[in-house]
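As given in TrEMBL:
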{"type": "TRANSMEM", "residues": "6-30", "note": "transmembrane segment"}
{"type": "DOMAIN", "residues": "95-201", "note": "domain 'MotA/TolQ/ExbB proton channel'"}
{"type": "TRANSMEM", "residues": "119-144", "note": "transmembrane segment"}
{"type": "TRANSMEM", "residues": "164-189", "note": "transmembrane segment"}
Amino acid sequence: MVTDTSALIINVTLWVLISFSVLTWTVILLKGGQYWRHAVGNRLFEEKFWSAASLDEARLRMDEAGGCPLYRLASAGFQVFDSGNGNGAASLKHRGDLVATLERKLKRQLERESRLSDIGLTVLASIGSTAPFVGLFGTVWGIMHALQDISRSGKASLEVVAGPIGEALIATAIGIAVAVPAVLAYNFLMRRSRRKQQALEIFAEDFLHLVAAETAHR
């Protein structure tokens, strides 16, 4: 039999792995739901925004898709656009300053959206890389103490060895079972995050060109 101390260590290891598993699936469900809502919201936003005849109409229509990343990006851009238009007649210098300020504002918003999108992904990466080693620690600890007990008892039959070592090996199996979903989910969600960020960058560039064209005609 594995000693009480060894059993305690293995049990703690298993509970840590179970906690990792719960945390992994919590992040998967939350991030999966978040990305799905963002994808639906972004599609609706683009439908409303690009079907408008002017920037003023687009501003009104995009409120129907409020809360999505594209909406937040456009709102940040319109804040700069509105503040620039409030200065009255625009000189060439003012128009250049407006476009430069808008570009900086959109860039900062893109960085903010990227950070929001990646929240939780580092947790999946960490669990995917550490869970097998946590399980391996439990296995090594259990086998070490099992062999010590066997040595003290003087019995080395298969029946005596198989039980405690088999119990210790469970920790490694659970560690791998916890790590696999975390790694797969991380890779999948990271790809979704990067695609979403690319869509935001494309919209930011198009929005910047629209504002530059709009100010050039005023």
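Glycine is treated like the rest: Cβ placed from N, Cα and C.
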Mind tallying the domain 'MotA/TolQ/ExbB proton channel' (95-201) by DSSP state, helix then strand then coil?
101 helix, 0 strand, 6 coil
Overall pLDDT for the domain 'MotA/TolQ/ExbB proton channel' (95-201), taken as the rounded mean:
86
